[in-house]
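Structure first, commentary second.
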Amino acid sequence: MNVMIKVTRNILMGSALFSCIFGAHWVNAQEEFLCDATQASTQELPTLDSNCPVGEGLWGKSRPRSQNSMFWIQCGIFSQPMPLADAKILYRQISTDVWMKPGANQYRCLIGPYHDIRKARQELKKVRRLQAYHEAFIREVRKPQQGAAKTTTSSKASVVQRRVSQPRTPRQPSTPPQPSQAAKTPTAQTSNQAATSPSSPVSTAGEGIVIRKQTVIAGVKYVIPFLGVKASLFYMEYEIPWNRLSYGQANATCQKIGMKMATASQWKRLLASQVMNREQWPLYLPYWGIDKKGMFTSGKVSQLKGSSLLNVLCVQ
């Protein structure tokens, strides 16, 4: 189940549409659900579409109603949207993001999304320690029934510059994390089938593109390119930025470095190698594959519209 919160994050100017996909975490779901959000400026929290599902309250130690559920922490109801500056205290307690969802003359404050109820409960405890949020609680969103309508994404993301989650580092809110601070690669040995590159990025001559991750599996080279934080939208994972591009942008990026989009079979070989987990490749969002296929870490490959903003994977 994808929820394309058009999630993930800081926007430079104007009204912008951006997307976060729950689908990468909803690993057992058979249906994608796309959910839009907008953010008018860097001084406002992103606003979820009014149709975005927020589920039902999950009280006390109640168990989730479904194994495939996603979760929100509801952090209050307000008459006006919460200013981004006011959310900084929340960002210090959480690993996800803060959202506003409009309703009838009110705005619901939501933190998330979470795919792990244990993580949601851990962070709920931290949020409740804050005096203004001691009544926060968890909401459970179960995957839609098969055949449920999907909300498609829009292509207005060209003005998006930064991920909303950046306020988690209030000391330097306008300074993106440097690539040199990339999470260190685990020391686990790769299999004979998959040989990975060092964790340090390698610049590609002539195009200003950085190769963040790369590996070779069965003679096929896989890379994750990075265009920079000023060139396109990015989101944060492992404390470093990763680009999120439309299909056209992803395809053009691969062509610039002399590579192609991955096929479904190549994607499955990459997943089977476990390189992505061992080497901390971004897993939060799906990846673009050839012919506008969205490739999920669950192994599922779905046809998407080219305007969706996903991770970029190139092969050679």
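Residue numbering: from 1, along the chain as shown.
Yeah, the Cβs are placed from backbone N, Cα and C, and that goes for glycine too.
Summarising the annotation, TrEMBL assigns signal peptide to 1-29.
The feature domain 'SPOR' is assigned by TrEMBL to 71-139. Counting residues of the domain 'SPOR' (71-139) by DSSP class, helix then strand then coil, yields 23 helix, 28 strand, 18 coil.
Here TrEMBL flags 144-204 as region 'Disordered'.
The compositional bias 'Polar residues' annotation in TrEMBL covers 148-158 (among others).
According to TrEMBL, the compositional bias 'Polar residues' annotation covers 182-193 (among others).
Among the features that TrEMBL reports, compositional bias 'Low complexity' is placed at 194-204.
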For the domain 'SPOR' (71-139), the mean pLDDT of the predicted model: 91
